[in-house]
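Feature list (source: TrEMBL):
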type	residues	note
COMPBIAS	38-75	compositional bias 'Low complexity'
DOMAIN	92-221	domain 'TIR'
REGION	33-81	region 'Disordered'
């Protein structure tokens, strides 16, 4: 009986072994995913797709460009700081004093209109408009220079030939010998070799396109105002 049972089990084992051997053979020879395929699957996953990578690169580049823009132009928050009632802006009567020749009055009036129409509502001193009637011209000019945060000098051929314009320039330089961004020279129809020697240590704005130059003047005044506002926070 035992011998018969042994033979029966042996027969069943012999019939099962080929099947198990084939199964193990298929298991051992089953191709495994290669590292290249796995890396491809990972690289093309939705979280790191090329489109998302490019978008992230664009977002990072845009954020860096925005940070550069903010370093050149004050942010809206800084504008509100400048306009705040406690800002150092209100320590002076004017934001900017315009020094110019009477020949260039029309262009200066356009500049003043542009600055005063900005969201900051810059307070401009224009001597022929804002001087007190009956007061001395020198007194009015000195008061305006002392009570302005910065001074725009429109340097044209007429400016260079007018002794009164040179006097205005010297008064502004006497008020701020080291400039500190408060003196803003603007050249129009003047070669670099004709640039006044007194201003050689200062960068200037060259007025080629009027709209662009007006914008540059506005941004420079904003930086001057923002610097004044920051100074007041530490005082």
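For all residues, glycine too, the Cβ spot is worked out from N, Cα and C.
Note that TrEMBL annotation is computational and uncurated.
These figures come from a predicted structure and were not determined experimentally.
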The domain 'TIR' (92-221): DSSP-derived helix, strand, coil residue counts: 65 helix, 23 strand, 42 coil
Local confidence of the prediction over the domain 'TIR' (92-221), expressed as mean pLDDT: 92
